Every structure is written in C-alpha cells, then in structure tokens.
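Reviewing the structure listed below.
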Amino acid sequence: MSVPGWPEDERSLLDVLAVLMILMGLLSFCFLRFINMPYGRYSSSSFGRPVPARWAWFLQELPAFALPVYFLAQHPELGAGNLLLLGAFTLHYLQRTLIFPFLIRGGKPTPVVSFMLAFIFCCYNGYMQSSYICRHSLLKGEWFREPHFITGILIFFCGMFINIYSDHILRNLRKPGETGYKIPR
C-alpha cells in the first residue's frame, strides 16, 4: 500500500530526505539568529528536564554510529570506495559517541528538547548516509583512487583532527576547580 505523495522507492525517499535536510538547515540558521538554543551556557530548565552532559552526548550520537555499523553488517559486499566513505562517517561518530562524551569535564546538563532534536538528527543523518552509501551509490572500480576522492578524504581527516584538537583545547581552558566560560587565546 502506498501513501499518497510518498516516494515508492527508497532512492526517491533519500532524495526527498536530503532536500528536507537542506531546508531544515536553512530554517535552523534563520531561527537561531533570533534565539539562543538551550545548550551549554544557554541551558535552561524551561526547555525540559536536563539530561546529564555525558549521557546526552552518548545517547544522542549513538544512532549515527550504530546505523552504519548495522548497514555494514548487512552489506559485506561493499566495494573499497563505499567502505572508505562509510568507514570515515562511522569513525567520526565513533569518536563523537564513544570517546568525546567520556572526556567531558563537568559539562552543563542538556535540556531534553536539545537532546531530542540532536537524537532525531543523528537518526535521520545516520539512516540517510548509511542507506545511500550501502544501497544506492555507484562507486565502481577504482573510484577511490580518483583525485577528488583522495582530496575529500584528506579534507575529512584534517577536519576530524581539527575537531578533536579543538575539543582538547576547550577542555583544558579551565584550571581544576574553575567554573565559567573561557575564551581561547
């Protein structure tokens, strides 16, 4: 049974979801110019019961790590290019799910609204990336040796290094026992 206006095949669904993600990004950009998202220094109980920072990070990022692992297990026949792409995505979320949360020093609790929005995004993003790479991408032959692929992977790893290093700097801005926000110099 088909739902009126709903794509019949998964590839069309993924195309619609990708367009919706772009529109949500634009809407979020506009929305966040006028309000402070209830996160970090702007955290407030008026946006729902707080979730401890470590648990919030772990649980909200978990779907974006677990879904590609699941898809990889279901598609052992993937080519090298697909494996590298999904592997990079999985590596990023492995770091965001299993490493970063347990390095947090203190951290303000996350209001349940922010936590749920992040959880939904990670479910959405994890499904879109995993399904497309495992079921629909057309990476044939030696595609992973092409200059644009190599350039993209290098940019990914540079970005991941910068992200991890920046987190390290931010964690170490405060001396033991200090609270409040510091600006890196």
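A Cβ is built for glycine as well, from the same backbone N, Cα and C atoms used for every other residue.
Some features that TrEMBL has for this protein:
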DOMAIN    109-185  domain '3-oxo-5-alpha-steroid 4-dehydrogenase C-terminal'
TRANSMEM  12-35  transmembrane segment
TRANSMEM  55-73  transmembrane segment
TRANSMEM  79-99  transmembrane segment
TRANSMEM  111-128  transmembrane segment
TRANSMEM  148-165  transmembrane segment
Looking only at residues six or more beyond either end of the transmembrane segment (55-73), which have a C-beta under 8 A from one in the stretch? 83, 86, 89-90, 93-94, 96-98, 100-102, 104, 109-110, 114-115, 118-119, 122-123, 125-127, 129-131, 133-134
Out of 12-35, 111-128, 148-165, what stretch is closest in contact terms to the transmembrane segment (79-99), meaning most Cβ pairs under 8 angstroms? 148-165
DSSP-derived helix, strand and coil totals, residue by residue, for the domain '3-oxo-5-alpha-steroid 4-dehydrogenase C-terminal' (109-185): 53 helix, 2 strand, 22 coil
For the domain '3-oxo-5-alpha-steroid 4-dehydrogenase C-terminal' (109-185), mean pLDDT (0 to 100): 88
